[in-house]
Amino acid sequence: MRCLISLVLGLLALEVALAQNLEEQVFNSVQSMFQKASPIEGTECIICQTNEECAQNAMCCPGSCGRTRKTPVNIGVPKAGFCPWNLLQTISSTGPCPMKIECSSDRECSGNMKCCNVDCVMTCTPPVPVITLQ
C-alpha cells in the first residue's frame with residue numbers, strides 16, 4: 001500500500017513539473033516571436049492587460065516593464081523537405097569563399113526552394129523530399 005501511495009505522489013509531482021515546464025516553453029516560443037526592444041523602444045512602455053487594448057496587430061506580452069504592447073515579427077516557417085547532403089560541407093576549405101551569399105532563411109527563396117549550405121555559401125536550392133516509411 002505504501003508503494004502505491006508513493007507511486008501516486010511521485011506521478012502527481014511529475015505531472016506538476018511537466019506542466020510548469022510546458023508553460024515555460026509556450027511562453028518562450030511566444031516571446032521569441034517579438035523583436036528585442038531597441039534603446040528607443042525600451043524607454044517607452046505602453047502598459048496593457050489584454051490584446052484588445054492594443055492597436056492594429058500589436059499584442060499584449062510580458063516585457064521588462066510589465067505587460068506591454070508589442071508588434072509581432074513574421075519569423076517564417078521552414079519549407080518542406082531537406083537540404084541536399086553535400087560532401088564539400090564536411091571538408092574545411094582554405095581561404096575565403098569566392099561565391100556570394102544568396103539567402104539566410106527559406107523565406108528568402110522563391111517557390112519551394114530552401115536556403116541551404118552549398119559548397120561554401122548559403123544559396124536557394126531545390127529540396128530533397130521527405131520520405132515517410134510505412
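Keep in mind that glycine also has a Cβ here, set from the backbone N, Cα and C atoms.
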* To do: Using the record from Swiss-Prot, pick out the residue from Cys115, Cys116 that is joined to Cys103 by a disulfide.
  => Cys115
* To do: Disulfide-wise, see what Swiss-Prot says Cys97 is paired with, picking from Cys65, Cys120, Cys124.
  => Cys120
* Pick from Cys45, Cys48: which cysteine does Swiss-Prot list as forming a disulfide with Cys60? -> Cys48
* Structure fact -> For Cys115 (disulfide bond), the same-chain residues 6+ apart in sequence with C-beta under 8 angstroms from its C-beta are Glu102, Cys103, Ser104, Ser105, Asp106, Glu108, Cys109, Met122, Thr123, Cys124, Thr125
* Asked: If one measures from the C-alpha of Cys116 (disulfide bond) to the C-alpha of Cys97 (disulfide bond), what distance in angstrom results, rounded to a whole number?
  -> 15
* Asked: Counting only other Cβ atoms and using a 10 Å cut-off, which of the disulfide-bonded residues Cys103, Cys109 scores lowest?
  -> Cys103
* Structure fact -> Same chain, |i - j| six or more, Cβ under 8 Å of Cys97 (disulfide bond); the result in sequence order is Asp119, Cys120, Val121
* Asked: Can you tell me how far the Cα of Cys83 (disulfide bond) sits from the Cα of Cys45 (disulfide bond), in Å?
  -> 42
